[in-house]
Amino acid sequence: MTQTLADMRRDYTRDGLSEAQAPLDPFTLFRQWFDDAVKTEQLPVEPNAMTLATVDEDGRPHCRVLLLKGLDERGFTFFSNYESAKGRQLAARPYAAMTFFWPSLERQVRIEGRVERVTPAESDGYFQVRPLGSRIGAWASPQSRVIRDRAELENLLAETEKRFLNQAPHCPPHWGGYRLLPERIEFWQGRPSRLHDRLDYRLQGEAWIRQRLAP
């Protein structure tokens, strides 16, 4: 390494985030920021990529990067194998946090809340628009389980391809969607000298309360 980790930094230069700019509804602000990210972030960056954090039965946190696949007034939707590590963790402790980071915009959004499964119809609706290879892969992969080697996975894939040679794969019972129902959403805008803007929305009853946090 030619540069030490302690020396790796850059200053943020974009405009700030004021209460006057921010709508009272955090979903409105998220959509605005997400639309900005779609227009600004350059490929191969995926603006809908997020880090999802869950907690296991022992209280140990786990995180991984997933893709956001749905957003409405209820919450934020993603899909996974229900029998995966994250699926088992969400079954035991149905709460999670997700973080979006858009470096070109110097923005971050943190979301926390309860997680529930979407309806089977919603899961099937999304499953049917996935590429064929992804649909077959959802049947073939025993996600998060130990396998012997890559060859074992490829053998499982070959067997699954034969199974669905003359029929379209339907949504597996062990696969589907989750919706995070937000209780807190924090918007972070990078500012010079690390004096960042942080607007924090918290759900109280049916109303969102907005407050500013110190950086």
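Every residue gets a Cβ built from N, Cα and C, even glycine.
Note that the structure is a prediction, hence the values are computed from the model and not measured.
What Swiss-Prot says about this one:
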BINDING   Arg9, Arg10, Asp11, Tyr12, Lys69, Tyr126, Arg130, Ser134, Arg194, Leu195, His196  substrate binding site
BINDING   Arg64, Val65, Leu66, Leu67, Leu68, Lys69, Phe79, Ser80, Lys86, Gln108, Gln143, Ser144, Trp188, Arg198  FMN binding site
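Structural mapping of features recorded in Swiss-Prot.
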residue : record                 : Cβ neighbours (10 Å)
Leu66   : FMN binding site       : 17
Leu68   : FMN binding site       : 20
Lys69   : substrate binding site : 15
Phe79   : FMN binding site       : 22
Lys86   : FMN binding site       : 24
Arg130  : substrate binding site : 16
Gln143  : FMN binding site       : 17
Trp188  : FMN binding site       : 21
Arg194  : substrate binding site : 10
His196  : substrate binding site : 18
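For Arg64 (FMN binding site), the number of other Cβ atoms no farther than 10 Å from its own Cβ, over all displayed protein chains, is 13. Put simply, of the binding-site residues Arg130, Arg194, His196, the one whose Cα is nearest the Cα of Trp188 (FMN binding site) is His196. Restricting the binding-site residues Phe79, Lys86, Gln143 to those with a CA within 10 Å of the CA of Lys69 (substrate binding site) leaves Phe79, listed by sequence position. Under DSSP, Trp188 (FMN binding site) is assigned to a strand (E or B) in the three-state scheme. Separation of the C-alpha atoms of Arg194 (substrate binding site) and Leu68 (FMN binding site): 28 Å, rounded to the nearest whole number.
Once the Cα atoms of Arg64, Val65, Leu66, Leu67, Leu68, Lys69, Phe79, Ser80, Lys86, Gln108, Gln143, Ser144, Trp188, Arg198, the listed binders of FMN, are compared pairwise, the greatest separation found is 37 Å.
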